[in-house]
Amino acid sequence: MMFFHFYCFIIFCCVHRHVTLKDEESIPPIAKYFNTKGRYEEVNPYLRQDILAVNRSSSQPPSSQCREIHLTAIIRHGTRYPTAKTVRDMQQLHNIVLNNFTEEQSWLRETLTQWTMWYTEDMDGRLVQKGVEDLKHLAVRLSKLFPTIISEEKLRGGLIKFITSSKHRCVNSTLSFKAGLTEMWAITDVEFGHEVNDALMRFFDHCTRFVQEVDKNSSAVIEVDKFKQGLEMMRVQKKIAEHLGISSSLITYDLAEAAFLLCSYELAVKAVNSPWCLLFDEDDAKVMEYASDLREFWKRGYGHDINSKSSCLLFHDLFSRLNKAVTVTVQIGHADTLLPLLTLLGFFKDAVPLTSANYASQAQRSFRTSRMLPYAANFLLVLYDCGEEGIRLQPLLNEQPLTFPGLTDQQASMPLYEDVRKRYRDLLSGCDFEAECQLLRNPAEV
């Protein structure tokens, strides 16, 4: 039955089969600013030449005595269609382009009137064929990178466990990852199951305090609203209107974002350099990227303490697996799964918070979702047994080494596991999901 569902899903994806980009010139120059809607290949450009290429330097142990003994991978789903809401915004923008004629027609507008609006609301975030390939290829690369722990023997022996969010794009990403392994090893005689666990992979839905104080609270993202109404964004909206030869009053922030997303989805889903991309130069794209980063910072990142604390369950589950070091675990969720956890662990924290007023000074910020959270983003924690040197832990993001914040050892990119536990001892002894996520009562009600 599982194979049947995956077969039907592949047929759905292939309704919109697309060609791949032929050369570097086909990639829009602004592609590296697409935030969470960016392709994995923009983070690791070497994959454009060989999608199965392995970055060997990313997993070099400190000595020949070290051997990998455990891997936990927390992975974002692959490339998907836009959500129904985003499609509606795209349709609105397209209608404005088609129906608001002026005497001074722009060549770009004439080009866009020839573009066919092919996105439909029923696509609603579903995984596309490229998303299937994202996870299949990742599975193959990880098996090549860590051949002793992601192996056919361990898969058949039940020593690789799969956990997923209940969302269809995550379930289908999980099926795709498994298919990458089974096709590589030509396994046809057995199926491998997976566990749906939203408590772990969609913890943000279950954290009452986060939902009430941040997710459903407009005042929690006031900095985002200020930036949308600020001079930088107004300039972008005005330039879009000028490119289209229409009144600037017609282009709101939501429609500017819709145009930017059309550019990013056309590249991610169809592998084409869309005419919508011509509405933005690199300076415009940086402004659009910052607006999105600002939203992620205040809704999922360092903006509010509960954002990261909502991931306490996943944090403890992660260290529990590291302590046992028995079963390789592949967990597939969302960008909203990864970002709170990365924040809790202290990665990508800038000295100064992102605000509506410091766009220019944040040009070199670490907190940049275009690099952190493309489609198929993955956070890997690999344990090595280094004999007399002890057990070491290596963190990787998108197959690139990370350095644990706060560890100054010369081998900070692969420190002793004991030192990592000391670094996070306060969280390990606390970070109680139930306590953190309990909605604080108003003192007046006590």
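Heads up, the Cβ atoms here are built off N, Cα and C, so glycines get one too.
For C386, the disulfide partner named by TrEMBL from the candidate list C13, C14, C66 is C66. For C277, the disulfide partner named by TrEMBL among C263, C312 is C263. In the structure shown, the C-beta of C263 has more C-beta neighbours within 10 angstroms than that of any other entry among the disulfide-bonded residues C66, C263, C277, C386. Each residue contributes its Cα atom, and for C263 (disulfide bond) and C386 (disulfide bond) these two points are 47 Å apart. Recorded residues C386 (disulfide bond) and C277 (disulfide bond) have their alpha carbons 49 Å apart, per Cα-Cα distance.
When the Cα atoms are compared, C277 (disulfide bond) and C66 (disulfide bond) turn out to be 47 Å apart.
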